[in-house]
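Presented below is the structure to which this report refers.
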């Protein structure tokens, strides 16, 4: 269907709805991972709004932490989606990092905004505790004595200053969304907040005992963030349970698209639009397709050849790899192995036929 015919088919209200939901192709602070020095980064990363540039110039060391943290949360995103058709692939030369795929207000967009916001909190908070930032240090509120279910303890060590991480992340990450008043901006703000809350959810108290023979007559405790994988796993569960919403009548909030489902909480991820199937390469949708992706012949999950390859079939190639074998334990403290060649079959998804290459997803 060409553009002129499509324009005739869309009614006025529907055109307005699509314009309301679809943001323009823009750059993002996510592109900061490719920047060099802080001054170059602040002045040349496309897409930063004025408030973000102000924070960038005032806190160059924080920006460095954010930039380094981008690799960590993108790797976590790729880990969580490793067995799915869309695998959170990034585009090094794209200013938006993920290309057009996140222009759709989908579950995937909800997850990426949440995990990126969480990643900023994690990176800044960790940098505070490691003494890398002038603007913060350990949590100043964790001093003196306190009580828990095990009795009295003294705050000591270095408690992670997660409140600072959350405050800075909110100011920096949310700045662009707060300039917009459309539905997508509200969706992004909601998912950004859910990501920040997820990091704090796994803040844990760690203690060290002092006393004769470890009797723990005196305890010193501090608060520490859990490994970022816990945040990733939690947000992955929220992705699978994400709630589809529509804007309320006054345009200030959400209501569930299906009245049978519960209203989303601040911890839930929300989205507006259904996802494409990601089966074929579609430049407009930002989908790279699954041609050439490795699939699991024995799996019944999303990584199975049947699901991953979208019914197109798969190719099988015999490959060899070096593995450790014939390992033996040597007294007292060593295990010695030989290097062996192992042959195995690798299955990869077939490309779509020329007839279906341009078919809509």
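Cβ atoms are placed via backbone N, Cα and C, with glycine included.
Among the features that Swiss-Prot reports, disulfide bond is placed at 77-88 (among others), with the record citing similarity to another entry. Neighbours of residue 77 (disulfide bond), defined as other CB atoms within 10 A of its CB across all chains, total 25.
Residue 128 (disulfide bond) counts 24 other C-beta atoms within 10 Å of its own C-beta, drawing on all protein chains shown. As annotated by Swiss-Prot, disulfide bond applies to 128-136 (among others), with the evidence given as similarity to another entry.
Listed in sequence order, the residues of the same chain lying 6 or more apart from residue 138 (disulfide bond) and placing their CB within less than 8 Å of its CB are 128, 129, 157, 158, 159, 160, 161. Residues or ranges marked as disulfide bond by Swiss-Prot: 138-158 (among others).
For 207-221 (among others), the entry in Swiss-Prot reads disulfide bond. According to DSSP, residue 221 (disulfide bond) sits within a strand segment. Take the CB of residue 221 (disulfide bond) and look out to 10 A: across all protein chains shown you find 19 other CB atoms.
The Cβ of residue 216 (disulfide bond) lies under 8 Å from the Cβ of 209, 210, each of these being in the same chain and 6 or more residues away along the sequence. Per Swiss-Prot, disulfide bond is recorded for 209-216 (among others).
Counting every protein chain shown, the Cβ of residue 279 (disulfide bond) has 22 other Cβ atoms within 10 Å. According to Swiss-Prot, the disulfide bond annotation covers 279-310 (among others), on the basis of similarity to another entry.
Residue 295 (disulfide bond) falls within a strand when secondary structure is assigned with DSSP. Long-range Cβ neighbours of residue 295 (disulfide bond) (same chain, at least 6 residues apart, Cβ-Cβ under 8 Å): 303, 304, 305, 308, 309, 314, 347, 348, 349. The disulfide bond feature in Swiss-Prot is assigned to 295-305 (among others).
Per Swiss-Prot, disulfide bond is recorded for 309-349 (among others), and the stated evidence type is similarity to another entry.
In the three-state DSSP reading, residue 325 (disulfide bond) counts as strand. Under the heading disulfide bond, Swiss-Prot lists 325-340 (among others), citing similarity to another entry as support.
Secondary structure at residue 337 (disulfide bond), as computed by DSSP, is strand. Taken from Swiss-Prot, the feature disulfide bond covers 327-337 (among others).
Feature annotation from Swiss-Prot assigns disulfide bond to 332-333 (among others). The number of other Cβ atoms within 10 Å of the Cβ belonging to residue 332 (disulfide bond), over all protein chains shown, comes to 5.
The feature N-linked glycosylation site is assigned by Swiss-Prot to 296. There are 16 other Cβ atoms within 10 Å of the Cβ belonging to residue 296 (N-linked glycosylation site).
For 213, the entry in Swiss-Prot reads O-palmitoleoyl serine. Counting every protein chain shown, the number of other Cβ atoms lying within 10 Å of the Cβ of residue 213 (O-palmitoleoyl serine) is 5.
Here Swiss-Prot flags 1-27 as signal peptide.
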Seminar exercise, completed: Students should find that the Cβ of residue 310 (disulfide bond) has, within 10 Å, a number of other Cβ atoms equal to 20
Seminar exercise, completed: Under a three-state DSSP reduction, the secondary structure at residue 332 (disulfide bond) is coil
For this session: Show which residues of the chain containing residue 207 (disulfide bond), separated from it by at least 6 in sequence, have their CB under 8 Å from its CB.
Result: 153, 219, 220, 221, 222
Problem set entry | Number of Cβ atoms other than its own within 10 Å, given for residue 209 (disulfide bond) | 12
